[in-house]
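Novice: Got a structure for you, questions after.
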Amino acid sequence: MASLVDRMRGHGRIAAGLLFNLLVSICIVFLNKWIYVHHGFPNMSLTLVHFVVTWLGLYICQKLDIFAPKSLPPSRIFLLALSFCGFVVFTNLSLQNNTIGTYQLAKAMTTPVIIAIQTFCYQKTFSTRIQLTLIPITLGVILNSYYDVKFNFLGMVFAALGVLVTSLYQVWVGAKQHELQVNSMQLLYYQAPMSSAMLLVAVPFFEPVFGEGGIFGPWSFSALLMVLLSGVIAFMVNLSIYWIIGNTSPVTYNMFGHFKFCITLFGGYVLFKDPLSINQALGILCTLFGILTYTHFKLSEQEGSKSKLAQRP
């Protein structure tokens, strides 16, 4: 009875974490869109602000004894910080050089790449039925992107690099928490400033720094206030991402990312009357079917593993 209550509490915590991530992720998408459209704040510079605010938020949290920092050698998290910068740069370049459909289709390939990395590099096994759930999810994203997919060589190179680096980053977030025996706050506390420093070096190559349109340009008070608010929400997004990956798996988080994509598409249709074709509607249903099937199989396997452990003498 006690173990059943504990399992229910564990599932409840994960469901609450996923719901929180869903809310703040949708919130930041619309807020960032507002900032780009109405203020023209540069994309990578906004990401840099997000990570600086994230580090400041974590610094305040540790001063309030919400968590205790754990000393980590910079060399152990260097690749994690570098992969974050790579994933930001390459996904931005992919979006810049591809259509939205091609960009989204490439992002859908992150899930199978994560499974491949965990299978070949971390000797993690996935059941056949778990692997088969990738079919309706990928098919759903293809249907969503059907009329918008246009290929060009440079765009495909950036998209492929973006998928590879994003997959590595998500795998390493979970692996490093277990390897270094740290929680999400402790790991992010050290990774955020290192990633900020790397992004600060990268920004001048892609965006202006000073003057009109630069991160240190003459922005209005309302623009700065919106950027700061975006940074605070990004702090919550980053923290929830690390927590979800640490408490579930990179594949589960990625599956949830597809769900957020469907919700965003549907929300745009309901709230902003964005056009939604039959293909997109079928794609949403197909993707949701794959995600629900994955969730069912994953929970069944977890329950089976726990039952086997409980039966051992």
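Every residue gets a Cβ built from N, Cα and C, even glycine.
Automatic, uncurated: that is what TrEMBL annotation is.
Pulled these from TrEMBL:
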type	residues	note
DOMAIN	22-294	domain 'Sugar phosphate transporter'
TRANSMEM	12-35	transmembrane segment
TRANSMEM	41-61	transmembrane segment
TRANSMEM	77-95	transmembrane segment
TRANSMEM	129-147	transmembrane segment
TRANSMEM	153-175	transmembrane segment
TRANSMEM	187-206	transmembrane segment
TRANSMEM	218-244	transmembrane segment
TRANSMEM	251-272	transmembrane segment
TRANSMEM	278-297	transmembrane segment
Novice: Take the C-beta pairs under 8 A between the transmembrane segment (153-175) and each of 12-35, 41-61, 77-95, 218-244. Which stretch has the highest count?
Specialist: 77-95
Novice: Summarise the model's confidence over the domain 'Sugar phosphate transporter' (22-294) as a mean pLDDT value.
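Specialist: Taking every residue of the domain 'Sugar phosphate transporter' (22-294) together, the mean pLDDT is 80.
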Novice: Are the transmembrane segment (12-35) and the transmembrane segment (187-206) close, by which I mean at least 3 Cβ pairs under 8 Å that are 6+ residues apart in sequence?
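Specialist: Judged by the Cβ rule, the two regions do not touch, with the required three close pairs absent.
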